[in-house]
């Protein structure tokens, strides 16, 4: 097993890790996606099956990464795993895409979305939405610099906060609803494509792997990582299935498809009156804020880990740990600075979508890594073994290939741009390698 002492405080326990998994996955998708998944599925049975299948594929990936993470319990997650298994080149490319485009783009997109929702809720006008988003990102930057435990407190609080409206809809929807759950969607409003339905659920489940980036700050990663990954993904899968059951008990399948992104707020209004719509709006805002905090907490650990290995310019600065807070404060500031630039001059949401193709290539490589590590350490005792081996890793690989294939067919240009983003890091990689050699 590979361990490290990077000077960061080991403050992450099971509750923090669980809320990080749940909080970084559940954003707006649980409120916005049911209509789209139902439209693609054609009927409620297939829609519920799509949510279940998406959860199973994600769980397979999570359990596979948990085995790798217990063998390489280091800060950096996916980047670190690829470097340890495939070498410095592939690790660098993975880290490059995450820190230059993917991470800051997701932080920026969530910040802008949060600002827009806050402005709409309080009637402040769209002109203030970007300012609110920037303030939120800066606030979370400061919180996570002054202590990982404070970021963890925000994560726990927002996870509980987002689960309250979800729980209300599930409980009261199943209790008070009077619709037949298993119904079909009219062909005139359906767009039958079960593959697209699964793809929509997989994107709604995305974000779970960010827990792995904090391996070096866990109190006992060998036990904690698999427990948090398994528990968190099972909870999220159950939430997604139950809220769809509840919606189908309140609204007909046709109504959910027709209402689209407004289906959940309409269902809440039917259950709780005019306050119901506000409840959902607040739930989405808290959800986005918690998701944003999880990204601010975890993405900078990749640039910190790369800087520790002298793979980035200004590595000495980026790998600096604050003497009092014991957090990678310069790495956090660097990632937030990139996110703020994207918020000001571009469309971060589109940038994150463009880079997703390369990220899934790295997912496939990480899932294959479990076979390589087992071969290297044949006969050695493992702290954790993925259950149903080799079925689970193969299932995870199949799910990732499905995402890659679907994305390649539906958005070929974005896939090409994604590859170019990865290749753009090559001059930096060879430049830093030459500098280290000299």
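Backbone N, Cα and C define each Cβ position, glycine as well.
If you check Swiss-Prot, you'll see residue 39 and residue 255 are listed on the same side of the membrane.
Checking the ranges 231-251, 294-314 against Swiss-Prot, the transmembrane segment annotation falls on 231-251. Taking every recorded stretch in 46-66, 152-172, 194-214, 328-348 and counting its Cβ pairs under 8 Å to the transmembrane segment (99-119), the highest total belongs to 328-348. When Cβ distances are compared across the two stretches, the transmembrane segment (231-251) makes no contact with the transmembrane segment (328-348), since fewer than 3 pairs at least 6 residues apart fall below 8 angstroms. Each residue in the topological domain 'Cytoplasmic' (291-327) gets a DSSP state, and the totals come to 21 helix, 0 strand, 16 coil. For the topological domain 'Cytoplasmic' (433-438), the DSSP counts in helix, strand and coil order read 5 helix, 0 strand, 1 coil. Just going by CB pairs under 8 A, the stretch in 12-32, 270-290, 389-409, 412-432 that sits most against the transmembrane segment (353-373) is 389-409.
If you look at the transmembrane segment (194-214) against the transmembrane segment (389-409), you find at least three C-beta pairs under 8 angstroms, all six or more positions apart, and that counts as contact.
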